[in-house]
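For reference, Swiss-Prot has these:
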| type | residues | note |
| --- | --- | --- |
| ACT_SITE | HIS87 | active site, proton donor |
| BINDING | TRP26, ALA57, LEU58, GLU59, CYS79, VAL80, VAL81, ASN112 | 5-amino-6-(D-ribitylamino)uracil binding site |
| BINDING | GLY84, THR85, ARG126 | (2S)-2-hydroxy-3-oxobutyl phosphate binding site |
Amino acid sequence: MAKEGLPAVELPDASGLKVAVVTARWNAEICDRLHKHAVDAGRAAGATVSEYRVIGALELPVVVQELARTHDAVVALGCVVRGGTPHFDYVCDSVTEGLTRIALDTSTPIGNGVLTTNTEEQAVERSGGEGSVEDKGAEAMVAALDTALVLSQIRATEG
């Protein structure tokens, strides 16, 4: 099962943090669920959450990069389901590399909630819907907020 080995993670107190959520519109039902759960988790943690939508996963990095300049953290959400061509690999690699580069270049946490699955059923199982085994939208938000808090602590003590 996919949850095996995951650390126990609690919703952090993110009061005062500003986080953006950028969500792709492809695979709308899945992405809308990821988006709702990420936004709900951010607000429940006390963060100020702003919301943005883009067409697809390839458009995520450029918008995330712009938002990383003005936010404590950014969450990128999308869903790429494998098809019959190599396009899946190109999209997944480009998005993952882009989001990682942005996080490193800006020192801003980027929660990567872009699902990369072989089937739509796998995406549904990870999107936090009824019967899901995981909730990658909320998990990406918690990871981004937690990392922003760690960076804030480091900057305050190393300052």
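Heads up, the Cβ atoms here are built off N, Cα and C, so glycines get one too.
The structure, with features from Swiss-Prot marked on it.
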residue	record	Cβ neighbours (10 Å)
TRP26	5-amino-6-(D-ribitylamino)uracil binding site	18
LEU58	5-amino-6-(D-ribitylamino)uracil binding site	17
GLU59	5-amino-6-(D-ribitylamino)uracil binding site	17
CYS79	5-amino-6-(D-ribitylamino)uracil binding site	28
VAL81	5-amino-6-(D-ribitylamino)uracil binding site	17
GLY84	(2S)-2-hydroxy-3-oxobutyl phosphate binding site	6
THR85	(2S)-2-hydroxy-3-oxobutyl phosphate binding site	8
HIS87	active site, proton donor	11
ASN112	5-amino-6-(D-ribitylamino)uracil binding site	24
ARG126	(2S)-2-hydroxy-3-oxobutyl phosphate binding site	24
For VAL80 (5-amino-6-(D-ribitylamino)uracil binding site), which residues of its chain lie six or more apart in sequence with Cβ-Cβ distance below 8 Å? TRP26, ASN27, ALA57, PHE88, VAL91, CYS92, VAL95, VAL114, LEU115, THR116, THR117
Select the closest residue to GLU59 (5-amino-6-(D-ribitylamino)uracil binding site) from the following recorded positions, measuring between CA atoms: GLY84, THR85, HIS87. HIS87
Please report how many Å separate the Cα atom of ARG126 ((2S)-2-hydroxy-3-oxobutyl phosphate binding site) from that of CYS79 (5-amino-6-(D-ribitylamino)uracil binding site), as a whole number. 10
